[in-house]
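*Asks:* My questions will all concern the structure given below.
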Amino acid sequence: MYDSDRVSDNSERTAFRRAEKKYKLYYNDSKPSKRQKQPRPVDLSEVVDFKLVLESFHQNGETPPGIFKLQCDFNRPVFCFEDRPGFYFIPGALSIEEQCHWIRESLTSFPQPPNRTNHNEIYGPIHDLFFSAQKQKVLVAGENLDRDTDSGVHKVDACKWKFSEIPIEMSRGDSCTSIAGSNLLRKLRWSTLGLQFDWSKVDDPLGVTLLILNANIFIVKSVGKKSPPNISSHSIFQRNYNISLPHNKIPETLCELSTRMAAPAMPMGKEFQPEAAIVNYFGLGDMLGGHLDDMEADWTKPIVSMSLGCKAIFLLGGKSREDLPVAMFLRSGDIVLMAGEARECFHGVPRIFTDKENAEVTPLSLQLSHQDDLCFMEYIRTSRININIRQVF
């Protein structure tokens, strides 16, 4: 899925890369203290705002040039671009109660083993990460042990990690290390539901090992073979889900929701079968580089993408990075569907807005104002969560 702009210097000159740099978070050149850093102003005049599109449609039944309302039996307006077939935007598809429910689930249930996260590669399965972080627990490395590769940790130098109430200092003669649960939570980038895929590392048949961090591909090792120029995960590597890995099933309520939301993009007479999901977590300054979602067998089936938390900018390009992408806002509760030709289009998230003026999370903050929900409110007011559900076969 992830195809990094760092792979080729030529990508710096593509239309997609220029759009990423246009909307990416940068700070002014002055160097005040970290808390006083001021984001560099960005021109948002060309960003499509489907919230305004929906309001205008309700008022006069009209849509902006290049955008039309899909004629279907869906219970709310679905908008499409004339020049991007297979792309569907459903603004405000989730109620505020649904949004808060899936925020809670994304932070507490979805990262739970045997589901995999980006932390598996180093720490192995981590239980109860969110609540351990709230209790200020520390993850501590204990005794060495052999661990199967299915757990996500190499057998070499594998340790058993567990949460402790207090930090444990280096013991004499033993390399015992620790990391705060709050740091791990902020470094949580993805978790998986249903059929599992390890997004951290990919080995290709040419002997090149790729490490994927924050949506960027880095070549970290080459074994006896020369790396091809302009290396691309989409054009070179065949990557499959590992159906043998243990996993939790996608919750029935999420299956029902995604099946219902996928209906406008499904072929006539077909019903969406959710089999895998990836949950992405974004913090201040995080971005998802331009990529293609190309692992599934049948691209006529849509990816159902749910946005939660802070507002973001989404870029939808074409089949080449040279195609000028369309920028649009994604708000909490919006749902995007990508099927057919849209599955061949480069897309990414260059920016999330975490400042109070632009994040637009006030409704979530009010809904999560109960004492038991304050920990979720504290997290989501400066974060974005994306759940995308897929039919694999």
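Every residue gets a Cβ built from N, Cα and C, even glycine.
So TrEMBL says this about it:
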type	residues	note
BINDING	His291, Asp293, His347	Fe cation binding site
DOMAIN	273-393	domain 'Fe2OG dioxygenase'
*Asks:* For the domain 'Fe2OG dioxygenase' (273-393), report the average pLDDT of the model, please.
*Replies:* 95
*Asks:* Pick out which of the binding-site residues His291, His347 has the most other Cβ atoms within 10 Å of its own Cβ.
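*Replies:* Compared across His291, His347, the most Cβ atoms within 10 Å surround His347.
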*Asks:* Suppose we draw a 10 Å sphere around the Cβ of Asp293 (Fe cation binding site). How many other Cβ atoms does it contain, all chains included?
*Replies:* 20
*Asks:* Count the residues of the domain 'Fe2OG dioxygenase' (273-393) that DSSP assigns to helix (H, G, I), to strand (E, B) and to coil, and report the three numbers in that order.
*Replies:* 25 helix, 45 strand, 51 coil
